[in-house]
């Protein structure tokens, strides 16, 4: 397709998940890259819910067979009697990495007494001033304290936890043979890849190794990398637990555990996995950093079992007037169901020179509207959980690198991802609750002194959601779109769907999934499926009359039941155990 998103572009960043990422110094020989790491990821049907990810991993393990996995004692050039001594030194080193004289009111990175290698990388990334979470979080973390951080997405917390972890690895002179010294646990694969990319930039001048293990990627290649020694490891919970239990690699020297987006990790059902991970990992001399946008009971429980007594609590949001970031203009538009797509189409036509993200409630809706928009010559990228992992990775980095264009997606992209210079966030389908709204709009106006705009589509029967936003301290104003500016292509749309078999089938799937998602909404007092005008809803999918869907079945399905019922492609149902 002819657009800014050139398919011929070589997306170097998209391959980061399959590269070892080790920057070696002059005294260390380079480790050869395993060709298997370049294979495309296994197909995964939905986002990484615990049951699905575990099933997928079991299927991959069966395919791996009885392969001999290397031990985690590392490089051949270091195969001398100093290996054991190095391990002892690591366990005896003082936790404090900075001198007590560092000013706690530092505002510039240059005031932190960081290593020259880290400072050079930070300068090359274009950072000089610290954000509030960095200013308040990095000094105590460098001093070895446990930190419980509360900060909005886009606040700069990735650097806040990576810099202390990298400085620790550098200070202790970690080598591959010393194994894993720091682990970052994050809820989604895309966020793990993004953190990996930031780590790669920060560690370009260091000799320590780094890597990522995520569901949907080649497990065998990951195991081989871990066996060689990965000093900084970024991981999703299910895959990390799998490797901790089944892959021989060195993690006895681990000094730093970082749990990012803890509330989201728990929301999608990884509570049991996190408890097991924390139980397996070494506790002695371990520093833990836990970051969460919201402080729920489950997050407090996780903090209690993972953090040492008396952690430092850093909340950069408690004094803020609003829950969303500054520099973000937020609005909503009231539109009947049958005019929703017409308004979206008109809006995207006008915004083709801007960078726009549009959120939908289901994978099938994303798939259908992506196919439809491209069929009528409005080029978009799409990102959802039914895509292969490699496709999701490529799409994410392609949109990151683009200066303009439209990405339509599900909430797989709504949390934590740092997509540069997004002008508009459009919530075509309503979020599940105000927290999801905040995470979605967090894709724009990220960092200091940045601007962005958001638009929420609401039907007349959904205006009760505004009260929930107000209670969550989210300021929104009503936007008015003149009817004369809305392109009326309804008759052409219905004709197209009636004549094109494949679009027709895709439209039916999208319509069905939209209703099922709507029926499983957590705010059912506001988003009541029985108040929907199905004729008008069907028109937004290009139907003159509604396709048949079992609404009773849909409304009986809860979001949790739907998530836990999903299985990975090719996996088998779990058998009863006696």
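Yeah, the Cβs are placed from backbone N, Cα and C, and that goes for glycine too.
Look at Swiss-Prot and you will find 151, 152, 153, 154, 155, 156, 157, 158 tagged as ATP binding site. In the three-state DSSP assignment, the secondary structure recorded for residue 151 (ATP binding site) is coil.
Swiss-Prot lists 13-26 with the feature compositional bias 'Basic and acidic residues'.
Among the features that Swiss-Prot reports, compositional bias 'Basic residues' is placed at 27-36.
Residues or ranges marked as region 'Disordered' by Swiss-Prot: 1-91 (among others).
Here Swiss-Prot flags 556-578 (among others) as region 'Disordered'.
For the motif 'Bipartite nuclear localization signal' (339-355), the model gives a mean pLDDT of 94. The motif 'Bipartite nuclear localization signal' annotation in Swiss-Prot covers 339-355.
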>> In the three-state scheme derived from DSSP, which category covers residue 156 (ATP binding site)?
In response: coil
> So what sits near residue 158 (ATP binding site) in its own chain, CB-to-CB under 8 Å and at least six residues off in sequence?
Replying inline: 194, 195, 198, 260, 418
